[in-house]
Amino acid sequence: NSSSLSDPTLERHFKGHRDNVTSVDFSCNMKQIATGSMDSCVMIWNMKPQMRAYRFDGHKEAVISVQFSPSGHLVASASRDKTVRLWVPSMKAESTAFRAHTATVRSVNFSGDGLNLVTASDDKTIKVWTVHRQKFLFSLNQHINWVRCAKFSPDDRLIVSSSDDKTIKLWDKNSRECIHSFYEHAGYANHVEFHPSGTCIAAASTDNSVKVWDIRSHKMLQHYQVHSGVVNSLSFHPAGNFLITASSDSTMKILDLVEGKLLYTLHGHQGPVTSVAFSRTGEYFASGGSDEQVHAVQHQENTTPSQSEGAPHSHTYRHLSSSSSSTHQPQARGLPQHSPQVQAQSQASDGGVPPALARTLDHIIGQLDILTQTVSILEQRLTLTEDKLKECLENQMEIGLHLQRREEA
């Protein structure tokens with residue numbers, strides 16, 4: 001029995017942005033989707049139909065990247081206005097902003113433990129920050145052109161980045177050294193991401209292709225040439241068996257990484273698909289496009305024999321119909337399976353924590369996140385007050401000195 005995916009069905013369809021949707025991400029509990037747009041807004045969509053969406057205004061220019069924190073109680077956004085904002089995804093829309101770079105911030109990503117952020121910018125640098133107080137830790141400076149994307153590895157030990165200089169760089173977070181550069185020859189990578197096992201990376205390229213590299217041997221494992229337009233975004237299924245890609249050819253593709261073949265071609269957006277992301281469980285994926293729309297699609301994993309063997313399926317998920325298509329097969333080998341050790345760990349972690357305890361812990365983490373955010377906002381206000389007091393004292397001292405000089409004169 002090989003693992004497969006059921007036919008995708010459109011669960012929710014959101015419209016509220018006034019320009020291209022640039023980025024999408026699910027909260028860990030799948031109750032919310034965060035999106036960024038060229039309209040300079042961040043929106044939080046609730047998966048429950050009766051719940052309204054939240055629109056967050058704060059950025060002065062286009063929002064290029066958004067991501068939920070691992071606990072789901074903060075949303076980070078990166079903008080062309082050179083800032084990063086941290087939002088509490090609720091009706092109050094509380095946020096704290098910090099000037100992260102000297103040019104457009106293209107990407108923002110939380111570390112797996114939720115303690116750090118990595119940002120990538122047109123100023124050619126990658127920067128790492130603490131989430132609490134947004135303290136700058138260090139920068140990585142070897143790219144020689146705009147940096148499009150930067151992501152932490154699942155164990156937070158590595159950072160991968162992609163740039164218009166046609167390189168994808170792998171960095172050691174502790175030593176801050178570049179440990180390897182992968183070279184793109186025909187185009188550059190718009191988006192790069194670690195496989196859930198942390199053993200390989202996938203890159204979405206402007207040469208219309210998707211490449212998967214092994215980070216230990218540095219060899220290219222797979223090369224998919226399935227799109228007829230620039231590939232803008234991609235996302236690994238949490239099980240590691242599938243990869244979804246979004247392209248300017250107005251389609252998304254689901255790739256079977258074990259078999260090394262195209263599984264589905266998905267039609268739903270009118271125009272380029274700019275962003276795509278699987279939910280944390282893999283049951284859903286969300287996509288955003290230049291048609292200003294956001295789609296949330298249900299797509300369950302089956303463990304029954306795959307019914308989509310042979311030709312890949314072409315699928316318009318609004319109509320819930322699937323027909324064979326003659327889309328050309330990618331030339332790719334299967335990815336190595338997860339090691340038994342990794343599988344055993346994931347099964348142990350799934351069965352080890354009772355649901356009630358997991359919910360309680362999640363709630364505590366959420367409250368701590370909100371507390372951290374509140375403290376951060378208070379600290380900023382306190383800093384402003386201290387600055388004003390300092391200014392007043394300096395003025396008083398100047399007046400005092402001036403009066404003293406007059407008396408002496």
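Keep in mind that glycine also has a Cβ here, set from the backbone N, Cα and C atoms.
On a predicted model such as this, the values are computed, not experimentally measured, just so you know.
Per TrEMBL, the feature repeat 'WD' maps to 14-55, 56-87, 98-139, 140-181, 182-223, 224-265, 266-294. The region 'Disordered' annotation in TrEMBL covers 295-355. Among the features that TrEMBL reports, compositional bias 'Polar residues' is placed at 299-309, 338-349.
The stretch with the most CB contacts under 8 Å to the repeat 'WD' (14-55), chosen from 140-181, 182-223, 224-265, 266-294, is 266-294. Sorting the repeat 'WD' (224-265) by DSSP state (H, G, I as helix; E, B as strand; all else coil) yields 0 helix, 24 strand, 18 coil.
Within the repeat 'WD' (98-139), the DSSP-based counts of helix, strand and coil residues read 3 helix, 23 strand, 16 coil. Residues of the same chain lying 6 or more positions beyond the ends of the repeat 'WD' (182-223) and with a Cβ under 8 Å from any Cβ of it are 148-149, 151-155, 158, 160-170, 229-236, 238-240, 243, 245-247, 249, 255, 257, 260, 330-333, 335-336, 338-339, 342. Taken as a whole, the repeat 'WD' (266-294) shows an average pLDDT of 94 in this prediction. Shown for the repeat 'WD' (56-87): DSSP residue counts in helix, strand and coil, namely 0 helix, 18 strand, 14 coil.
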